[in-house]
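J.: Here it is: the structure, laid out below.
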Amino acid sequence: MSPGASRGPRGSQAPLIAPLCCAAAALGMLLWSPACQAFNLDVEKLTVYSGPKGSYFGYAVDFHIPDARTASVLVGAPKANTSQPDIVEGGAVYYCPWPAEGSAQCRQIPFDTTNNRKIRVNGTKEPIEFKSNQWFGATVKAHKGKVVACAPLYHWRTLKPTPEKDPVGTCYVAIQNFSAYAEFSPCRNSNADPEGQGYCQAGFSLDFYKNGDLIVGGPGSFYWQGQVITASVADIIANYSFKDILRKLAGEKQTEVAPASYDDSYLGYSVAAGEFTGDSQQELVAGIPRGAQNFGYVSIINSTDMTFIQNFTGEQMASYFGYTVVVSDVNSDGLDDVLVGAPLFMEREFESNPREVGQIYLYLQVSSLLFRDPQILTGTETFGRFGSAMAHLGDLNQDGYNDIAIGVPFAGKDQRGKVLIYNGNKDGLNTKPSQVLQGVWASHAVPSGFGFTLRGDSDIDKNDYPDLIVGAFGTGKVAVYRARPVVTVDAQLLLHPMIINLENKTCQVPDSMTSAACFSLRVCASVTGQSIANTIVLMAEVQLDSLKQKGAIKRTLFLDNHQAHRVFPLVIKRQKSHQCQDFIVYLRDETEFRDKLSPINISLNYSLDESTFKEGLEVKPILNYYRENIVSEQAHILVDCGEDNLCVPDLKLSARPDKHQVIIGDENHLMLIINARNEGEGAYEAELFVMIPEEADYVGIERNNKGFRPLSCEYKMENVTRMVVCDLGNPMVSGTNYSLGLRFAVPRLEKTNMSINFDLQIRSSNKDNPDSNFVSLQINITAVAQVEIRGVSHPPQIVLPIHNWEPEEEPHKEEEVGPLVEHIYELHNIGPSTISDTILEVGWPFSARDEFLLYIFHIQTLGPLQCQPNPNINPQDIKPAASPEDTPELSAFLRNSTIPHLVRKRDVHVVEFHRQSPAKILNCTNIECLQISCAVGRLEGGESAVLKVRSRLWAHTFLQRKNDPYALASLVSFEVKKMPYTDQPAKLPEGSIVIKTSVIWATPNVSFSIPLWVIILAILLGLLVLAILTLALWKCGFFDRARPPQEDMTDREQLTNDKTPEA
């Protein structure tokens, strides 16, 4: 039966295809992130082994060090092909020699070279076992000279009348340098089925007791309750028979079947061994990731009678608590501790968006079967599967505590995985990894599976530091990370004297005629470490006055080179306690620096001089990660502050603004009037700090007031804080009293609350009582807007009747209605503040007694103005004329020309363009008005919104009432509803204006028509008069031409002849 076969009568099917197949399916969830700081696993001199493509080479790994002279790496490749006849991807285990020099290649270990065994059924030979796709090499474990490898998907054909093919699993044991092999298949029997051991998958997990006995996990037995099986390797070898396929070992031990409530628990998913009862007999630890109602738990099992002693239960359902288990004495108290992985743990920071990050639980043993509450380490990367693999490393950095490697194989955006190294301490594990390994060498395949398999606690290169193997089965590679020797440095800085008197100038400055105060500086160091060289060279770097910022004046310099920085080698012999080097340091002249109070910090930074290391296979030493490589010491300048050399100032500060209110939109020039004084001892490097609010800008210091001190002030910015800093003296001596004025502009007030704050304080470099009281000035912000409305009628009056024009009683075109009348209204915000929500309403003289007065054709807006649609605009659906261009008068109005129609705020000011008495005023009190309602948007100071109403005087209405003068009045009003600020003014602007159009009558005129014959007669008479006049002028000789006298011509010719050229 295949793994997906239907379940028996005791519950639902829960197939288990090992983390092997699950891992292959989960490869789409890999993560990777950059490495953090590196500690002592070497990432440069890696030894990388490669296997056949697609073989999952690296799925399982282990060290094989049978004796002091031999070392190798064992690598499982569960999908590899072998030389076994007719077997496809049966899997293999590779032997990879160490060191991997020259052309040395990994080779398959011949655990099994045979085909499937067969039996005769009804005269035909049929296979009784199935080794293709059995995943041999999915687990590999070595103990001294013994090596065990398992195939958890090995299938067995039962001997029932109806045969079934069950994944019972099998293992092979190799001893004596792979010269002898034996098979161990504890779940293979003649009556295998899901209810029994048919789905056992023996070898799913694997470990050894310290005495060499074998521990095998079979999580599929008994309807996937799972079981754990132990046996002696010696018994397996001694009782093995290739032909007796169902032979049972006499000393074999197995956990028994449990009640049905334990189905689908997966006992044996992971196994380990440790001592927890206080005797010399190790116990068995087994992971059960789906037990306890899917919360998962780990059990400690008695190795003698296979009874359950104690459980650790998971905290979250489906977290797969127990996926991995590791036993290690992390805190080095002589008692074994238990680590449990739950790689599917979900972090529920927000219930709506949980993150699968994984967790590790460390149970520290206090005494026999008594453990502390677990220390929990939580992964940081979603779907990283933190805790999918764990490895006991031993004491990686030789600090006396064992360390742990944790695999995060599905980590990072590039899906390359990583391995985190956690160092142990007396309380458990450090909460942050000391090193993060990333699979750059395995980057050509995605996912690479880097970190899915780990193995440590073996020193393959014999340098007294344990090493680590990391498998990346997705890319078919395995890497050996070797631990680097750790060098611990004890460094010291010695200064003499530590208090420097500037007056005691005992050192002659080279290349100068000046003397200076000075002191001696001694740099000393010693080294310790396991397996380090006898001579260690440190590159030492000394920084003088190191707390001064970059670019600041260093108060001290080395006497021999006038520099504040020095790098030099420090050669240390391992046998000697300390080795030292001496220097002389001098102080600059006190006129060159201000700071006399802060300590002169001398810092020493050191590193290993890697140029002294030999090139070769050996890894280079590294400095201890947990020891700071920076040492500092401080010297002090002697100041005149009494016997204790300690100045205690008493700084006082007061301030007030010259105005207590600023207006939004205005320029808002503001001055802060400040008083600073010192009523104590000298304040060194005393400075006034004024924190500038984001709404304000610094203008400068007030210099026109003789009562103010003209201090030196400058604008500075630290991070995002803007400030003005004024120098008050160095020192600001006792009794100092300064007054000064600082000017600011406050232009940016639109997006702030209704006040701004200026924070002020005096600060000095004194150690005790260095600062003054803190002063905070609050200045209120208000909004003020002056709003006006103005308007015009064009034309201001209409004269009736219109010459040669008569209105139509039922007009169809606009021109047939009457004269054009336009009213234009402008809402203008003088400012300075902004208005954001205003209602503008117009009462329009529309009709009286069902007769139209001013008939509207069109409403036009300019600016942030939107009017509501009105059905009474052109209700007769008269065809409108093309809208004419604005007249010069209207254009001038739109350019904000001075118009006599002007109202501000609440005033109502009516101005008549023309008065003719007596004229009857038609307004909204005695006629029917059309209401036009408009919403005005945001108007900054100086901006306007314009409304233009185009209408026609309904001439028919007025021609029926000849000689009666009228004044048609429209009323426009506004009300500001809101300003765009958090707090609104107590009173918002409003106002109105009346615009009139006069209708007057012309004086009657009498018209005369001239007959045509009169016109013709007048023309003929005109022509006759012209002819008589012309004749008279001709008779008088007016048209005769006047000729010049003859003698004049003779004289002219004579003059011409006289002009003969000379010979």
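A Cβ is built for glycine as well, from the same backbone N, Cα and C atoms used for every other residue.
The annotation signal peptide is assigned in Swiss-Prot to 1-38 on the grounds of sequence analysis. The annotation topological domain 'Extracellular' is assigned in Swiss-Prot to 39-1012. Annotation comment: Swiss-Prot describes 44-105 as repeat 'FG-GAP 1'. Positions annotated as disulfide bond by Swiss-Prot: Cys96-Cys106, Cys150-Cys171, Cys187-Cys200, Cys507-Cys518, Cys524-Cys580, Cys641-Cys647, Cys713-Cys726, Cys929-Cys934. Taken from Swiss-Prot, the feature repeat 'FG-GAP 2' applies to 122-183. Residues or ranges marked as repeat 'FG-GAP 3' in Swiss-Prot: 188-240. Here Swiss-Prot flags 253-306 as repeat 'FG-GAP 4', drawing on sequence analysis. Marked as repeat 'FG-GAP 5' by Swiss-Prot: 307-372. What Swiss-Prot lists as repeat 'FG-GAP 6' is 373-431. Sequence annotations record features per position, and here Swiss-Prot assigns Ca(2+) 3 binding site to Asp395, Asn397, Asp399, Tyr401, Asp403 based on similarity to another entry. The repeat 'FG-GAP 7' annotation in Swiss-Prot covers 435-498, and the record cites sequence analysis as its basis. The annotation Ca(2+) 4 binding site is assigned in Swiss-Prot to Asp459, Asp461, Asn463, Tyr465, Asp467. The transmembrane segment feature in Swiss-Prot is assigned to 1013-1033. What Swiss-Prot lists as topological domain 'Cytoplasmic' is 1034-1063, and the listing cites sequence analysis.
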J.: What average pLDDT does the predicted model assign to the repeat 'FG-GAP 5' (307-372)?
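T.: 95, rounded to a whole number.
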J.: Using Cβ atoms only, state whether the repeat 'FG-GAP 1' (44-105) and the repeat 'FG-GAP 5' (307-372) have three or more pairs under 8 Å that are 6 or more apart in sequence.
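T.: No, the stretches stay apart by this measure.
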J.: In the same chain, which residues outside the set Asp395, Asn397, Asp399, Tyr401, Asp403 have their CB within 8 A of the centroid of the CB atoms that define the Ca(2+) 3 site?
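T.: Near the Ca(2+) 3 site, the remaining chain residues are Gly394, Leu396, Gln398, Gly400, Asn402, Asn423, Gly424.
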J.: Please work out which residue of Cys106, Cys580, Cys929 has the most C-beta neighbours within 10 angstroms of its C-beta, and give that one of the disulfide-bonded residues.
T.: Cys106
J.: Between C-alpha atoms, which of these binding-site residues comes nearest to Cys200 (disulfide bond): Asp399, Asp403, Asn463?
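T.: That would be Asp403, the closest of Asp399, Asp403, Asn463 to Cys200 (disulfide bond).
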J.: What is the total of other Cβ atoms whose distance to the Cβ of Cys713 (disulfide bond) is within 10 Å?
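T.: 18, counting other Cβ atoms within 10 Å of Cys713 (disulfide bond).
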J.: Can you tell me the CA-to-CA distance separating Cys726 (disulfide bond) and Cys647 (disulfide bond), as a whole number of Å?
T.: 21
J.: Let me check the 10 A CB neighbour count of Cys200 (disulfide bond). How many other CB atoms are there?
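T.: Other Cβ atoms found within 10 Å: 37.
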J.: Just checking, which of Cys187, Cys641 (disulfide-bonded residues) has the fewest C-beta atoms within 10 Å of its C-beta?
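T.: Taking Cys187, Cys641 as the disulfide-bonded residues, the minimal 10 Å Cβ count falls on Cys641.
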J.: Given the disulfide-bonded residues Cys171, Cys524, and counting only Cβ atoms in the protein chains shown, which has the most within 10 Å of its Cβ?
T.: Cys171
J.: Have a look at the recorded positions Cys150, Cys171, Cys187, Asp399, Tyr401 and say which one has the shortest Cα distance to Cys647 (disulfide bond).
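T.: Checked the recorded positions Cys150, Cys171, Cys187, Asp399, Tyr401; minimum Cα distance to Cys647 (disulfide bond) goes to Asp399.
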J.: Inside 8 A of the center formed by the CB atoms of Asp459, Asp461, Asn463, Tyr465, Asp467, which other residues of the chain have their CB, for the recorded Ca(2+) 4 site?
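T.: Neighbours within 8 Å of the Cβ centroid, excluding Asp459, Asp461, Asn463, Tyr465, Asp467: Ile460, Lys462, Asp464, Pro466, Arg482, Ala483.
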J.: Validating a neighbour-count step here. Other CB atoms within 10 A of the CB of Asp399 (Ca(2+) 3 binding site): how many?
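T.: The answer is 19 other Cβ atoms.
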